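Student: First the structure, which I've put down as structure tokens, then a few questions once you've had a look.
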Amino acid sequence: MSSGGLLLLLGLLTLWAELTPISSRERHPDCDKPPDTGRCGNNVRAFYYKPSTNKCVQFIYGGCNANGNHFKSDHLCRCQCREND
């Protein structure tokens, strides 16, 4: 197989791994932690996962010292935490 073919195969495998539904992967343990705004005084829009509703919810993140249940975007939150319906 040529090097171009190997690169294409590697790219397809990487894409497949990224697009694998969350149901076939374990949810990140931080997703079950309560939301924590952090201790700094910044006002950064962020998202946290709410297990009781299986949704990502927007909140204001202070910018530091929070737990892992905060994400820069709704998309990142859903990719890490949300269960498929």
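Every residue, even glycine, has its Cβ placed from backbone N, Cα and C.
In case it helps, Swiss-Prot gives these features for our protein:
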- 1-24: signal peptide (SIGNAL)
- Cys31-Cys81: disulfide bond (DISULFID)
- 31-81: domain 'BPTI/Kunitz inhibitor' (DOMAIN)
- Cys40-Cys64: disulfide bond (DISULFID)
- Cys56-Cys77: disulfide bond (DISULFID)
Student: Roughly how many angstrom lie between the C-alpha atoms of Cys81 (disulfide bond) and Cys40 (disulfide bond)?
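Tutor: That separation, Cα to Cα, works out to 25 Å.
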Student: Give the sequence-ordered list of residues that share a chain with Cys31 (disulfide bond), lie 6 or more positions from it, and have CB atoms under 8 Å from its CB.
Tutor: Tyr49, Pro51, Asn69, Gln80, Cys81
Student: For the domain 'BPTI/Kunitz inhibitor' (31-81), give the DSSP counts of helix residues, strand residues and coil residues.
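Tutor: Secondary-structure breakdown of the domain 'BPTI/Kunitz inhibitor' (31-81): 10 helix, 15 strand, 26 coil.
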Student: Mind checking which of Cys40, Cys81 has the fewest other CB atoms within 10 A of its CB? They're the disulfide-bonded residues.
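Tutor: If we count Cβ atoms within 10 Å for the disulfide-bonded residues Cys40, Cys81, the smallest count is at Cys40.
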Student: When the pLDDT values for the domain 'BPTI/Kunitz inhibitor' (31-81) are averaged, what is the result?
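Tutor: Mean pLDDT across the domain 'BPTI/Kunitz inhibitor' (31-81) comes out at 92.
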Student: Between Cys56 (disulfide bond) and Cys64 (disulfide bond), what C-alpha distance do you get in Å?
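Tutor: That separation, Cα to Cα, works out to 20 Å.
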Student: Looking only at Cβ atoms, how many others are within 10 Å of the one on Cys64 (disulfide bond)?
Tutor: 11
Student: Express the distance between the Cα positions of Cys64 (disulfide bond) and Cys77 (disulfide bond) as a whole number of Å.
Tutor: 18
Student: How far is it from Cys77 (disulfide bond) to Cys40 (disulfide bond), counting Cα to Cα, in Å?
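Tutor: Spelling it out, the Cα of Cys77 (disulfide bond) and the Cα of Cys40 (disulfide bond) are 21 Å apart.
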